[in-house]
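Notes to accompany the following structure.
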Number of protein chains: 2
Amino acid sequence: MPWRLLSTDADFEREFVALLGAKREQSADVDAAVRAIVARVRAEGDEAVIALTQQFDRLELTPATMRVTEAEIDAAYEETEPATLDALRLAHERIAAHHRRQMPKDDRYTDAAGVELGSRWTAVESVGLYVPGGMASYPSSVLMNAVPAKVAGVARIAMVVPAMRGALNPLVLAAAKIAGVSEIYRIGGAQAVAALAYGTETIAPVAKIVGPGNAFVAAAKRQVFGHVGIDMIAGPSEILVIADGENDPDWIAADLLSQAEHDTAAQSILITDDSGFADAVAAAVERQLKTLSRAETAAASWAEHGAIIVVPQLDDAAPLSDRIAPEHLELAVEDPEALFSRLRNAGAVFLGRHTPEVIGDYVGGSNHVLPTARSARFSSGLSVLDFVKRTSILKLGPDQLRELGPAAIELARVEGLDAHGRSVAIRLNL
Amino acid sequence: MPWRLLSTDADFEREFVALLGAKREQSADVDAAVRAIVARVRAEGDEAVIALTQQFDRLELTPATMRVTEAEIDAAYEETEPATLDALRLAHERIAAHHRRQMPKDDRYTDAAGVELGSRWTAVESVGLYVPGGMASYPSSVLMNAVPAKVAGVARIAMVVPAMRGALNPLVLAAAKIAGVSEIYRIGGAQAVAALAYGTETIAPVAKIVGPGNAFVAAAKRQVFGHVGIDMIAGPSEILVIADGENDPDWIAADLLSQAEHDTAAQSILITDDSGFADAVAAAVERQLKTLSRAETAAASWAEHGAIIVVPQLDDAAPLSDRIAPEHLELAVEDPEALFSRLRNAGAVFLGRHTPEVIGDYVGGSNHVLPTARSARFSSGLSVLDFVKRTSILKLGPDQLRELGPAAIELARVEGLDAHGRSVAIRLNL
């Protein structure tokens with residue numbers, strides 16, 4: 001049974017805090033194992049990657065066969081059904097169009113004192129893209145990670161994807177081809193992350209690594225962070241639907257299940273001002289669950305982490321939503337814009353009754369890599385900004401140095417930094 | 001003796017790689033100790049913070065005396081010399097003016113298909129600002145961390161600063177007052193980071209923690225990351241000066257020493273096309289070193305990590321600079337703009353002979369919190385962007401759902417996600 005909370009109950013606050021704090025993920029302690037793998041790949045390069053791939057993926061590789069060939073990629077693309085290719089191309093086009101608007105602009109100006117200031121943005125030179133194997137090997141995620149990098153101007157995107165016993169998902173290769181991924185290697189796990197971070201004889205190192213993965217991949221990303229950049233560590237999916245009683249309960253039930261089916265640790269929450277509607281959605285979820293191919297996963301997620309919260313009026317949903325800070329937020333209400341203007345913390349918002357969250361997973365154009373586990377309080381979804389960096393610019397002439405210099409010298413003095421002061425004073429003959 | 005490399009030497013590449021890879025920081029393994037402190041503060045709140053402050057800072061606190069009073073802050077401000085206050089206010093004004101230009105703009109548009117898309121930026125609700133005690137307690141750093149947060153619209157900035165035996169740097173309090181910091185607590189170390197992340201009876205939790213600190217603070221920030229956001233983990237300072245032979249060697253020597261005096265692990269590098277000039281700078285460094293109050297620190301940094309690289313022509317400096325990816329980059333050459341256009345990886349650039357890096361430390365207006373340890377390859381200095389987060393927006397009507405829906409259903413099908421497909425299909429009566 002999912003959680004059921006009534007915001008007017010005396011112990012609502014306690015229950016809500018318990019819901020917020022409930023641990024959904026078992027964090028396996030793989031740090032030591034991953035540390036050993038990273039050290040080995042760093043020391044032995046290709047040889048270590050090949051041995052570990054044999055051990056974990058049951059696949060024999062050589063330095064020459066590590067990389068997926070152009071012919072293999074083309075073959076995967078050719079064998080993809082036209083309807084699927086069309087859908088991938090539509091998604092690609094829409095994601096690219098949206099992300100092009102995110103490109104930050106350089107800024108260069110001269111202020112009243114005559115000082116030239118500015119910010120210049122440049123692309124990260126090379127990016128590694130991790131794609132999981134097995135059930136979570138999604139072509140849509142390839143697009144969502146690779147397209148912002150391409151739009152940013154990243155010259156080299158090196159993708160890694162584990163091939164258990166040699167098997168690769170052809171759709172992942174097709175998506176990589178559509179997205180313009182430069183290189184693909186059939187390796188995975190912590191060894192692939194280490195190879196991307198430190199390089200091997202076959203794989204040149206990258207400057208940043210993005211993409212989802214299991215506990216080993218997440219631990220490896222944390223460990224190489226600093227030497228290379230990483231994106232966020234993604235947790236299990238979440239959706240919060242705020243809905244009034246005017247919705248079709250079956251629509252909302254389907255939306256809740258669309259996240260629940262991802263993972264037993266996923267979380268789907270409904271907030272509504274209509275207790276009867278809440279009951280109807282709960283019943284619809286039970287009905288729809290039965291027909292899902294991932295029924296077991298979805299049922300476990302819904303029973304353990306699902307929640308229905310009834311509030312006296314929809315306005316009461318806003319502060320609760322901000323505390324949940326959901327990855328995905330659907331506003332299936334009469335005036336979604338008004339409600340949205342009162343909200344602050346959400347990775348992505350889906351406005352109105354005709355915008356199921358799933359559109360954002362695939363073809364809306366916005367990114368589906370979004371902050372989970374309440375991190376929308378302080379972070380954002382993946383964007384072009386994750387693949388560029390900024391250099392700040394200062395340029396003074398002798399006049400400007402004469403004007404600003406004394407204040408710098410004074411602050412260096414009180415901070416006890418003699419050479420700081422001198423580097424200014426010496427230019428002013430002070 | 002600093003490193004001395006000649007880019008035309010046969011073993012230059014090997015030496016340059018050694019320079020890049022040389023470990024400058026001893027990373028003390030404080031993880032276990034920090035883990036215990038964080039757990040204790042999380043469990044016991046104020047009581048743990050008070051006990052740990054007694055133990056580490058030799059200071060008796062109560063929940064009532066933890067917070068620095070308005071009267072204390074005002075007194076610190078009043079006792080600050082007018083010249084210092086003027087310098088702090090000038091710095092504040094210039095930093096605020098520059099950072100106001102960094103505020104990202106919301107974007108909302110309707111595309112050709114009639115789909116509404118957008119990005120909305122909102123400020124992080126509350127931020128914790130760590131300020132170190134002792135030698136590294138810099139008022140300028142208070143401004144550099146607090147001002148971007150204020151400009152972003154952060155409503156609450158809670159500052160922590162350790163007060164060894166009760167002593168606080170009045171200039172840090174004065175800078176906090178000028179910057180508009182909301183609350184100041186006289187606590188430090190891992191216990192202060194834990195208190196900010198999880199809250200205590202006296203200190204409300206924040207959503208993000210920024211600011212420099214020692215190994216304990218850095219480890220604590222890493223450990224609470226995920227529960228709250230953190231900024232980068234700053235390493236020792238670095239400067240790369242690219243200079244032609246037309247500079248005054250004493251000016252360049254002062255610039256190199258301005259970073260060396262920060263820390264024995266700091267690194268100052270000169271690249272020049274003039275071997276005689278290189279010698280003159282080396283001699284000037286030795287001369288100037290003698291008169292610094294931090295002579296010992298600067299000498300150790302210069303001897304162990306300092307480097308002079310001579311190249312046949314200045315153009316050869318560009319690829320080396322990008323591999324170094326310096327925190328601070330001074331271009332003391334005839335045409336700094338031309339050289340800058342050929343460079344990619346640097347936290348901040350200082351153009352021309354009259355822009356010593358120190359101007360950027362204090363009063364230039366740009367931020368002095370910048371990526372170290374080659375992380376300018378993939379990250380940027382602190383900015384307003386670090387204190388806002390983005391919600392992506394999608395809004396479809398029935399027509400748009402009819403147009404885009406089938407592609408989403410197709411991608412859900414090939415990814416094996418039934419409920420994903422259903423949440424779209426059910427709205428289209430498919």
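Each residue, glycine too, has its Cβ placed from N, Cα and C.
Where the annotation comes from TrEMBL, it is an automatic prediction and has not been curated.
Since the structure is predicted, the reported quantities are computational estimates derived from the model, not experimental observations.
Sequence annotations record features per position, and here TrEMBL assigns NAD(+) binding site to A:Y130, A:Q191, A:N214. Every protein chain considered, the tally of other Cβ atoms within 10 Å of the Cβ of A:Q191 (NAD(+) binding site) stands at 28.
Neighbour list (A:H420 (substrate binding site), Cβ cut-off 8 Å, at least 6 residues apart, same chain): A:A408, A:A412. If you look up TrEMBL, you'll see A:S237, A:Q259, A:H262, A:H328, A:D361, A:E415, A:H420 marked as substrate binding site.
Marked as Zn(2+) binding site by TrEMBL: A:Q259, A:H262, A:D361, A:H420. Within 10 Å of the C-beta atom of A:Q259 (substrate binding site) sit 32 other C-beta atoms, taking all shown protein chains into account.
In this structure, A:E327 (active site, proton acceptor) belongs to neither helix nor strand by DSSP; it is coil. The 10 Å shell around the Cβ of A:E327 (active site, proton acceptor) contains 29 further Cβ atoms across the protein chains shown. If you look up TrEMBL, you'll see A:E327 (among others) marked as active site, proton acceptor.
The feature active site, proton acceptor is assigned by TrEMBL to A:H328 (among others).
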Reduced DSSP assignment, A:D361 (substrate binding site): helix
DSSP-derived class (H/G/I helix, E/B strand, else coil) of A:Y130 (NAD(+) binding site): strand
Top Cα neighbour of A:S237 (substrate binding site) in the set of binding-site residues A:Y130, A:Q191, A:N214: A:N214
Cα proximity to A:Q191 (NAD(+) binding site), best match among binding-site residues A:H262, A:H328, A:D361, A:E415: A:H262
Spatial neighbour of A:N214 (NAD(+) binding site) that is closest, considering only the binding-site residues A:Q259, A:H262, A:H328, A:D361, A:E415 and their CA atoms: A:H262
Recorded positions (A:N214, A:E327, A:D361, A:E415, A:H420) in Cβ proximity to chain B, threshold under 8 Å: A:D361, A:E415, A:H420
Distance from A:Q259 (substrate binding site) back to A:E327 (active site, proton acceptor), taken between C-alpha atoms, in Å: 11
Which listed residue (A:D361, A:E415) has most other Cβ within 10 Å, given these are binding-site residues: A:D361
